[in-house]
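Notes follow once the structure below has been shown.
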Amino acid sequence: MNGPRTVGHRWVVKIGSSLLTNNGLGLDSAAIAQWVQQLLVLHRAGLELILVSSGAVAAGMERLGWTQRPERLHELQAAASIGQAALIQTYQDFLHKGSVVGAQVLLTHDDLRDRQRHLAARATLRTLLDMRVLPIINENDAVTSSELRFGDNDTLAAMVSNLLEADLLVILTDQEGLYDADPRRHPDARLLTEVRAGDPALLAMAGGAGTGVGSGGMRTKVLAAERAARSGTATIVCAGRQENVLLRLWAGEALGTYFHPALPKLAARKRWLAGQLRPRGTLHLDAGAARVLLEKGSSLLPVGVRAAEGDFRRGDLVCCLDPEGQEVARGLINFDLAEVRRRLGKTSDAIKAEFGNLDEPELIHRDNLVLTATRSQ
Ligand SMILES: Nc1ncnc2c1ncn2[C@@H]1O[C@H](COP(=O)(O)OP(=O)(O)O)[C@@H](O)[C@H]1O
Ligand SMILES: N[C@@H](CCC(=O)OP(=O)(O)O)C(=O)O
């Protein structure tokens with residue numbers, strides 16, 4: 001894939017655990033100083049910068065004298081609460097030397113799922129940018145439960161890119177970029193320099209985390225690039241330890257892997273819908289219903305739905321699968337599961353005869369529906 005790398009002026013920069021720490025033990029302050037130096041230069045040049053930084057657990061472990069990363073969630077959370085303070089302190093000290101004010105913003109998945117909190121987070125971040133403050137974001141590890149956490153910061157960084165409609169998401173990691181296979185296992189793997197965000201072939205190449213320190217590996221970075229593209233955000237995954245990496249990207253140097261945001265851009269509300277990580281149920285569509293959703297963007301009517309499962313209530317998010325089991329769309333359902341099941345496969349006339357006139361004959365209104373089958377677009 002060819003074409004110029006567009007870097008724009010609003011950047012989300014994500015620094016991964018594998019880079020920030022010395023083998024998972026404590027923060028590498030010298031490396032952090034280098035990145036902050038570069039951020040200060042970019043800030044002075046007028047860029048709007050948002051930092052997503054991991055490293056809280058590793059910093060906490062060091063303060064507690066732990067040498068093994070704990071497995072139990074509550075111990076991880078305790079370590080993160082201790083380490084987050086140290087992490088922010090480190091950034092603040094270096095930013096202070098450049099007379100830039102940093103702000104800590106800790107987010108949970110729930111904060112971005114709930115519409116009101118999502119809008120509040122966006123307003124706060126926009127205000128900070130207007131004030132020329134540098135927000136430093138991490139997951140609020142202390143209060144997240146195992147099923148409701150991002151876990152990796154790639155997903156969080158992509159959702160923040162969507163929230164702020166960033167021009168560029170820079171993911172700094174411990175590899176040169178995305179290779180056609182995990183370079184730790186395949187020494188002859190080839191670096192891909194330009195790809196299309198959402199290209200299904202990429203996921204097959206991307207493996208999990210390379211060390212016990214990072215979470216998510218290249219897989220979550222590929223998915224993050226796809227998610228970021230929904231707000232027109234390009235993504236670059238590259239090695240964070242190379243000299244002046246951020247300044248060189250700003251100068252247009254072709255480092256790492258560039259993901260062209262070649263997907264159709266979604267309106268902010270639909271992006272919020274598509275960005276929900278955990279739908280509450282699944283609807284199995286017949287081929288005709290899947291086609292009209294994809295081709296016409298119509299509302300979803302009961303007649304085209306063969307089965308429904310999950311534990312959802314009116315207003316919850318559900319996934320719509322085609323007969324091959326591929327997700328085509330997701331949206332906010334108008335009925336509880338039991339009511340959906342009573343309507344399955346029935347025409348609008350049959351429903352009218354059985355249930356009387358209804359304000360909302362469709363299962364999902366098209367305003368509350370977003371196509372997610374990016375792979376087929
Ligand atoms: N196709 C691939 N190309 C590059 N790295 C890959 C690939 N598949 C898996 N990986 C692994 O992903 C790791 C980076 O992810 P991770 O350990 O989660 O770091 P971070 O903390 O920076 O997010 C690399 O060290 C590498 O071993
Ligand atoms: N929130 C965690 C970081 C999660 C994490 O390691 O993510 P990643 O940097 O994507 O591998 C922390 O600060 O320790």
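Using N, Cα and C of the backbone, Cβ positions are placed for all residues, glycine too.
TrEMBL lists Lys14, Thr173, Asp174, Ser215, Gly216, Gly217, Met218, Arg219, Thr220, Lys221 with the feature ATP binding site. According to TrEMBL, the substrate binding site annotation covers Ser54, Asp141, Asn153. The annotation domain 'PUA' is assigned in TrEMBL to 281-364.
Candidate binding-site residues: Asp174, Met218, Thr220. Those with a Cβ under 6 Å from ligand 1, in sequence order, are Asp174, Met218. For the ATP site, whose binding residues are given in the record as Lys14, Thr173, Asp174, Ser215, Gly216, Gly217, Met218, Arg219, Thr220, Lys221, the maximum C-alpha distance rounds to 15 Å. Apart from Ser54, Asp141, Asn153, the substrate site neighbourhood in this chain, defined by C-beta within 8 angstroms of the site C-beta centre, holds Ser17, Ser53, Gly55, Ala56, Val57, Ala80, Asn138, Glu139, Phe150, Asp152, Leu156, Ser215. DSSP assigns Lys14 (ATP binding site) to a strand segment in the three-state reduction.
Within the set of binding-site residues Ser54, Asp141, Asn153, Asp174, Gly216, Met218, Ser54, Asp141, Asn153, Gly216 have a CB atom less than 6 Å from some atom of ligand 2.
When the Cα atoms are compared, Lys14 (ATP binding site) and Asn153 (substrate binding site) turn out to be 8 Å apart.
Within its own chain, Asp141 (substrate binding site) has Ala56, Val57, Leu76, Gln77, Ala80, Ser81, Gln84, Arg149 as residues 6 or more apart in sequence whose C-beta sits under 8 angstroms from its own.
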